[in-house]
Amino acid sequence: MAEFVRAQIFGTTFEITSRYSDLQPVGMGAFGLVCSAKDNLTGQNVAVKKIMKPFSTPVLSKRTYRELKLLKHLRHENVISLSDIFISPLEDIYFVTELLGTDLHRLLTSRPLEKQFIQYFLYQILRGLKYVHSAGVVHRDLKPSNILVNENCDLKICDFGLARIQDPQMTGYVSTRYYRAPEIMLTWQKYDVEVDIWSAGCIFAEMLEGKPLFPGKDHVNQFSIITELLGTPPDDVIHTIASENTLRFVQSLPKRVRQPLKDKFTNADPLAIGLLEEMLVFDPRRRIKATDALAHEYLAPYHDPTDEPIALEKFDWSFNDADLPVDTWKIMMYSEILDYHNVDSENQAMEDPLECP
């Protein structure tokens, strides 16, 4: 039986195994508190995320189960990886992952990024998305604070708590507004991997410009700002709008013509503008795919088709439509945790990190 020790962080009790020490708070999310810690077994610094009351409701239990399944399944250099998981005596769940020193949001607010770093960061984001999308997963909440970076410029996408299967009726407001694809605002229904490409395009533009591209005050203002730059959506996109109220709103907007991005990003590499033009397209069916974006001339210094892997198998979403009681989710969670700890250590080894430009 593992020995547990307690620590108070921001008034929250962390009840962790004695394998970890020197807890320091690094972030607070909607569903949990994250601390850095020393892994006394490996000597490495790690991130420990406490999921608050994971078994308090069926919805939260399912969300936690989904995040656990995704963290177990997704194994790629540009996606955050799970190094340990445990349930405390108080029945809180703790995810332990690798610790990276900062995130893209902090980098962008501290100083302008040089061209080679913008290229390298975008390359790694798209490399990670190619893998995630090949697994049948849409991140749905890609934003600078969900993109972690270490001192070697290695980049990893994190926070898959909102991630969903690629196809069914996806509903609601999921991503931070600035990075939200127009089809999420317009249809609230079907959307696919293209929403992540839009978000990556917004992040790319922010790296080029040093500030958010579409800083909407609310979703109406957000959509209006997008049309000021990209013009009025094509009719075939407008016809996909399911809500009559939304349709009336879009049709009430003044007709606008798409502005050349080169006029907005006057100092940017023309190749960067060319790729951005293909990422920020209203019609998701015409938006560039991660695989094609990686092959774009702008990313030629880093592109290597032999080292941009896809998932070995699709993620199993069969649980996702289940409406189960908390006790059933708890049993399933315990089973996943036991399975994780029985996996061969060789399956948990990650490849060598990429080199910094």
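Cβ from N, Cα, C; glycine included.
Note that the coordinates shown come from a computational prediction; the quantities given were computed from them, not determined experimentally.
Every protein chain shown contributes to the tally, and the Cβ of ASP141 (active site, proton acceptor) ends up with 20 other Cβ atoms within 10 Å. Secondary structure at ASP141 (active site, proton acceptor), as computed by DSSP, is coil. What Swiss-Prot lists as active site, proton acceptor is ASP141.
Summarising the annotation, Swiss-Prot assigns ATP binding site to VAL26, GLY27, MET28, GLY29, ALA30, PHE31, GLY32, LEU33, VAL34, LYS49. Annotation note: VAL26 (ATP binding site) sits in a strand segment as assigned by DSSP. Around VAL26 (ATP binding site), the same-chain residues at least 6 positions away in sequence with a Cβ under 8 Å from its Cβ are VAL34, CYS35, SER36, ALA47.
According to Swiss-Prot, the domain 'Protein kinase' annotation covers 20-299, on the basis of sequence analysis.
Residues annotated as phosphothreonine in Swiss-Prot: THR171.
Marked as phosphotyrosine by Swiss-Prot on the basis of similarity to another entry: TYR173.
The Cβ of GLY32 (ATP binding site) lies under 8 Å from the Cβ of LYS49, LYS50, ILE51, MET52, each of these being in the same chain and 6 or more residues away along the sequence. If you take the Cα of MET28 (ATP binding site) and the Cα of ASP141 (active site, proton acceptor), they are about 16 angstrom apart, rounded to a whole number.
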